[in-house]
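To start, the structure itself, in structure tokens.
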Amino acid sequence: MLVTAYLSFVGLLASCLGLELSRCRARPPGRACSNPSFLQFQLDFYQVYFLALAADWLQAPYLYKLYQHYHFLEGQIAILYVCGLASTVLFGLVASSLVDWLGRKKSCVLFSLTYSLCCITKLSQDYFVLLVGRALGGLSTALLFSAFEAWYIHEHVERHDFPAEWIPATFARAAFWNHVLAVAAGVAAEAVASWIGLGPVAPFVAAIPLLALTGALALRNWGENYDRQRAFSKTCAGGLRCLLSDRRVLLLGVIQALFESVIFIFVFLWTPVLDPHGAPLGIVFSSFMAASLLGSSLYRIATSKRYHLQPMHLLSLAVLIVVFSLFMLTFSTSPGQENPVESFIAFLLIELACGLYFPSMSFLRRKVIPETEQAGVLNWFRVPLHLLACLGLLVLHDSDRKTGTRNMFSICSAVMVTTLLAVAGLFTVVRHDAELRVPSPTGEPYAPEL
């Protein structure tokens with residue numbers, strides 16, 4: 001398993017580098033890329049945001065292993081994960097309103113403080129302290145995915161008066177480097193866990209200086225900005241109306257809730273499936289992230305002028321890949337017949353599918369959901385998503401250890417088949433919708449049906 005993990009990591013990384021280099025050579029330079037003021041503004045944002053992302057990714061490979069190292073049972077670990085998911089959905093519902101009221105810069109500093117406290121709790125073996133740490137982690141995650149982006153958009157448009165059309169370029173580059181940071185974080189986590197002598201808690205300790213630097217740079221380099229948004233109740237009410245009045249939005253919500261709840265369960269299960277067979281967890285995690293990066297690169301190539309596939313096609317492909325992978329896992333995790341290499345390959349395919357899924361879903365959401373209703377609609381999307389993930393973990397909590405993992409993958413397979421039916425329903429609804437097609441090189445919607 002050790003050799004398989006390292007060979008897979010090297011092969012995936014080489015594939016990603018080759019695709020990205022060829023894409024960069026073929027890409028024409030844009031006006032935004034040569035604007036010194038814009039580049040400096042991007043740099044001020046990236047140096048804070050990337051530190052926050054690096055600290056977040058550094059903790060991911062060893063979270064389950066840490067709880068296992070503290071001799072908690074799988075059911076107890078499942079409850080810790082459920083607590084984290086529940087706090088994420090609760091804080092996620094109010095995060096945007098909190099950030100707008102408190103201030104985006106202060107919210108980013110608050111993120112660095114709460115996430116540092118979350119890491120400190122990992123030094124304790126007390127179950128209640130770890131539960132508190134998971135709650136703090138949920139708050140921190142909600143702030144990470146709301147405060148930083150909100151700060152950037154306000155500064156970009158209101159303070160610097162750059163064209164709004166340049167915003168996607170910033171976040172596209174951020175998405176790419178987010179994958180790169182995730183790959184590097186897995187290698188770093190493996191190194192510190194193996195060499196420092198602290199064991200699985202080492203990556204959490206190593207994340208604290210990064211978080212402190214995140215808060216310090218935000219305090220020093222960023223200006224404060226606020227936004228008076230409409231009331232939280234009105235935001236949710238408007239989002240619910242949009243969700244129920246447009247079948248496309250409803251189907252997108254169903255697909256997101258089902259697909260991403262399965263991914264949350266995968267995040268919980270990969271460590272207990274591979275760790276008993278001597279897998280280097282940090283390198284395995286980096287391989288996962290490299291597979292996801294490869295999927296994102298393939299998405300960009302597939303939707304380019306040369307191939308011109310549509311996001312709807314790639315969303316369907318992503319779901320099909322996950323269905324196939326989960327069927328593989330159902331057999332490769334059978335008690336007494338475990339095949340860790342086959343399970344590892346299935347996990348890599350799931351991550352590859354995620355690399356196709358997330359940009360496809362982002363494109364479709366952006367086209368289908370009105371900008372004024374996106375916050376409210378996404379809040380409604382997140383509730384069933386996290387509830388399904390929590391339910392799955394609770395079912396696993398009550399299962400027999402020997403058969404529980406296999407049974408959970410069987411349930412996830414059924415969920416993904418349902419997701420595939422929802423994708424087919426969405427495909428039927430939007431097949432004549434030119435708005436949901438990537439524009440052709442001539443600027444006209446691509447002629448063939450979705």
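A Cβ is built for glycine as well, from the same backbone N, Cα and C atoms used for every other residue.
The transmembrane segment feature in Swiss-Prot is assigned to 1-21 (among others).
The feature transmembrane segment is assigned by Swiss-Prot to 38-58 (among others).
The annotation transmembrane segment is assigned in Swiss-Prot to 79-99 (among others) on the grounds of sequence analysis.
Sequence annotations record features per position, and here Swiss-Prot assigns transmembrane segment to 128-148 (among others) based on sequence analysis.
The transmembrane segment annotation in Swiss-Prot covers 167-187 (among others). If one looks beyond the transmembrane segment (167-187) by at least 6 residues along the same chain, the residues whose Cβ comes under 8 Å of a Cβ in the stretch are 13, 20, 30, 32-33, 42, 45-46, 49-50, 53-54, 57-58, 60-61, 149, 152-153, 156-157, 282-290, 292-293, 296, 359.
Within the chain, the transmembrane segment (191-211) has long-range Cβ neighbours (under 8 A, six or more residues past its boundaries) at 51-52, 54-56, 58-59, 61-62, 65-66, 69, 112, 115-116, 119-120, 122-123, 281-282. Among the features that Swiss-Prot reports, transmembrane segment is placed at 191-211 (among others).
Annotation source Swiss-Prot lists transmembrane segment at 249-269 (among others).
Look at Swiss-Prot and you will find 278-298 (among others) tagged as transmembrane segment, backed by sequence analysis.
The annotation transmembrane segment is assigned in Swiss-Prot to 311-331 (among others). Remote same-chain partners of the transmembrane segment (311-331), defined as residues 6 or more beyond its termini with a Cβ less than 8 Å from a stretch Cβ, comprise 255, 259, 262, 273, 295, 299, 302-303, 337, 339, 342-343, 345-347, 349-350, 352-354, 356-357, 359-361, 363-364, 406, 409-410, 412-413, 416-417, 419-420, 423-424, 426-427, 430, 436, 438, 450.
Residues or ranges marked as transmembrane segment by Swiss-Prot: 344-364 (among others). Among residues of the same chain six or more beyond the transmembrane segment (344-364), those with a C-beta under 8 A of the stretch's C-beta atoms are 1, 4-5, 8, 12, 175, 252, 255-256, 259, 263, 266, 270, 273-274, 279, 284, 287-289, 291-300, 311-312, 314-315, 317-319, 321-322, 324-326, 328-329, 332, 436, 438.
If you look up Swiss-Prot, you'll see 376-396 (among others) marked as transmembrane segment, on the strength of sequence analysis. Within its own chain, the transmembrane segment (376-396) has Cβ neighbours under 8 Å at 74-75, 78-79, 81-82, 85-86, 88-89, 92-93, 235-240, 242-243, 249, 252-253, 256-258, 260-261, 264-265, 268-269, 365, 369, 404-405, 408, 411-412, 415, counting only residues six or more beyond its boundaries.
Residues or ranges marked as transmembrane segment in Swiss-Prot: 409-429 (among others).
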* Determine whether the transmembrane segment (278-298) and the transmembrane segment (79-99) share at least three Cβ pairs under 8 Å, counting only pairs 6 or more apart in sequence. => no
* Structure fact -> Ranking 1-21, 38-58, 79-99, 128-148, 409-429 by Cβ pairs under 8 Å to the transmembrane segment (249-269) puts first 409-429
* To do: Using Cβ atoms only, state whether the transmembrane segment (128-148) and the transmembrane segment (79-99) have three or more pairs under 8 Å that are 6 or more apart in sequence.
  => yes
